[in-house]
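Just below is one structure, and these are the notes that go with it.
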């Protein structure tokens, strides 16, 4: 059965190549390396006021130059060949890429399995108006499909096409060859550069920087040994690089919402535009380092199946950031995007409690008082709460954090108890999600509560999964619920006629003031329609 | 069961084969005895007069301590094996294990990506196998060791069939 809303046009999309400038944009690093290798020596000699080329090798200069030229030609040839043999196609619910001229590789990925689509523009590509498209599926490793480089307009168009087909909308049958329109989007928030700089200065690493610097100064004053300052130089260089990296990654951070999901854009020199389709966020964390409390700032990170562990490498670290720094309003806005249906009557109070609160309130259940010896600071803060759609876990008195896991995203659940916890009648509940920076864990809950949560959570996850049937978010048909859920926000049972209807996840039901979930219309040019009754 | 405190009530656990104790004993012997033997080498050298350092009490103390620890682990093995259990429910599989550090895990059938069966040389000799469940999460470290081979095969088929019926994507 052909997946994807492929009612359009040619049964087999044409095979395309990436942009001809690609070899040079990709190869500039190689060129720079060769240039550096041959240029460094001459440069150093120039600085020392010696002749540009060492007398001893002057006689061999032609050979060296020839060798360098050969290397250059080989490198360029390699890149050109790899460009020539890289071709891609989007058709029949699949994206296919063929690469390699010695070792050929043919790869295809199902469009409706898309977990995220990124458009990345490294600086040089940006100068040439090119962009790389990354198509992520759930394998937690490298990108499933990387197309580098396309013209930026082509990349956007391709993204729109892929998302349109993955979402399961049917394009206008009258004009099958018409390009899929880009979904309209609505700006949700922007992070001003001043706040970004402030957040970096007050971040965790700054605390360690100040402590480390103070310690070095103290040591050098005490021992009257200036060498400590020398040790600081490489550390300072590394720190500057780290700060610069965070700054350039978080610069001009913009979040927007469209029917195709959450759009994140950021970057100073290298820019990146991520699209996270609805329902692809596996877990989410709102965190606040101690110093950020002065300004009421928070950071949000997500686990998405395509992004992998992420936190270890710089690229993934920024890709899993949903909000580098924002105020409570921004946090609530982003939460509303990720969780359009909070599953509770008073989401503002619940999430405020979850982010900042103490003690059992708004449905939160804390660590019992008898465990205050075990967690003298944390016992009033460690808590969990379950809404109809998600489990909320908060912890950390100083390093506050709130983890949110939608019920239908729970993979498996484990209840754990060590000997010490047994003495206090406590247990930990661990929710397993895909790899990422967020590790959901209910810590030090009362054993009875934890057991009840364990059972209830398994049941809730089961029910939530039944409600969600399709990977194609605009085509999701909420099946008649077997058990009537108490939440007023759940969609009414499916009507039998297949008229175009609002997608359930984006439907605007009467919302509480302040919970500004996405309330977008559908793509205006071509109305999405229910395609068939069932899909695989 | 000595401490069944964290199990959800009302579940009849299926236990793994008692023969799995043998597998654990072999693993224990390979790990712990070799370590104790290596740690005893300084004692031998000191006794032979080849080494001056460490003092005799230290040379005896460290391997003796490790031996005690190893024996303690040995004593625990049968109880640990008895603590492993699994239960098939309508929609999910429950797995429990551990005495001091207890763990109960629930894996929904619809979340399983694939099921592995493996058997090492000792396990194969005893007609046992180890079944492993994989979900999209690396954290799901769900294995049932020491299953009789036919029970493992049955469980694998059962899990695959149920997983297919309840397939829920990611």
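Even glycines carry a Cβ here, placed using N, Cα and C.
Bear in mind that TrEMBL entries carry predicted annotations, made automatically and left uncurated.
The model shown is predicted, which means the values in this text are computed figures rather than measured ones.
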Feature transmembrane segment in TrEMBL, mapped to one of the ranges A:211-227, A:228-244, A:245-261, A:262-278: A:228-244
Given ranges A:60-85, A:86-111, A:112-137, the stretch to which TrEMBL attaches the annotation transmembrane segment: A:60-85
Contacting positions for the transmembrane segment (A:60-85) when only residues 6+ beyond its ends and CB under 8 Å are counted: 17-18, 20, 22-24, 26-27, 30-31, 34, 38, 53, 98-101, 104
Average model confidence [pLDDT] within the domain 'YdbS-like PH' (A:83-162): 86
Helix, strand and coil counts within the domain 'YdbS-like PH' (A:251-309) (DSSP): 5 helix, 32 strand, 22 coil
